[in-house]
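TrEMBL annotations:
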type	residues	note
BINDING	GLY17, SER18, GLY19, LYS20, GLY21, THR22, ARG130, VAL139, TYR140, THR203	GTP binding site
BINDING	SER38, ARG43, GLN64, LEU65, VAL66, GLY93, PHE94, PRO95, ARG96, GLN100, ARG163, ARG174	AMP binding site
DOMAIN	130-165	domain 'Adenylate kinase active site lid'
REGION	37-66	region 'NMPbind'
REGION	129-166	region 'LID'
Amino acid sequence: MSSTKRLLHALIMGAPGSGKGTVSERIVQSFDMLHISSGDILRKMIREKTDFGIQVNKFVSNGQLVPDELMLKTIGGELNRLSSADRSWLLDGFPRTKPQALSLFKIAPVQVVISLDVPFDIIINRVKGRWIHAPSGRVYNTDFNAPKVPGYDDVTGEPLMQRDDDKPESVKKRLEIYSEMAGPILEYYAEQNVLAKFSGKTTNEIWPQVYKYLTTKIEPKEKLA
């Protein structure tokens, strides 16, 4: 068996509330991969008021999508930095448009696109139970990841909040927007023969499928219990 380290450049996609964040966490816990969240990168730049951050904030604060060119400069810079360090990575939250997907493939071709397929009615019911700790971004769910003390963060003890856009009508709208956005992107990745689709109602149902598939691409840190 070759001792050469296998690198994997992967992307994860899933509708809001599909469990994408939890699956991403499990991937980086199980495999030697870095999780790159476009949202985290943008929030960090806005917080630090970098040149990119100031430009990005103009769009975010108005509820608009950040333009392709600006997103590509931001994400591309991070991926190039990791690629030069020979690191495997899992990209999350980008691309959001087919032109972004085409440009990303030129900057840093992804070898695997993990698509989480969860029925929308399941997502709507799941999101209704979601509570967040705003300062840290920690997310809880009363159905499967409840805080130890209802309504309060496990780490700080501070109150949790529920976002207005977690209401069923808001969630339904977001899911419709995601479907329109993701359709052409997933078709493109299917054409590139890098798309892997995983279906299920819960994260615990989907995760073993994802884990088994990824073990064919990269060595796990340890065997799944």
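Using N, Cα and C of the backbone, Cβ positions are placed for all residues, glycine too.
Feature map: TrEMBL annotations on the structure.
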residue : record           : Cβ contacts under 8 Å, 6 or more apart
GLY17   : GTP binding site : VAL118, ILE123, ILE124, ARG126, VAL127, ARG130, VAL171, LEU175
GLY19   : GTP binding site : LEU116, VAL118, THR202, THR203, ILE206
GLY21   : GTP binding site : ASP92, VAL139
SER38   : AMP binding site : MET71, THR74, ILE75, LEU91, ASP92, GLY93, PHE94
GLN64   : AMP binding site : none
VAL66   : AMP binding site : LEU42, VAL56, PHE59, VAL60, THR74
ARG96   : AMP binding site : LEU65, MET71, MET181, ILE185
ARG163  : AMP binding site : ARG130, ILE132
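There are 21 other Cβ atoms within 10 Å of the Cβ belonging to TYR140 (GTP binding site). Within the same chain, residues 17, 21-22, 174, 202-203 sit at least 6 positions outside the region 'LID' (129-166) and bring their C-beta atoms closer than 8 Å to a C-beta of that stretch. Counted with DSSP, the domain 'Adenylate kinase active site lid' (130-165) comes out as 2 helix, 12 strand, 22 coil. A simple way to gauge crowding: the CB of ARG130 (GTP binding site) has 18 other CB atoms within 10 angstroms, across all the protein chains here.
Using a 10 Å Cβ-Cβ cutoff, PHE94 (AMP binding site) registers 25 neighbours.
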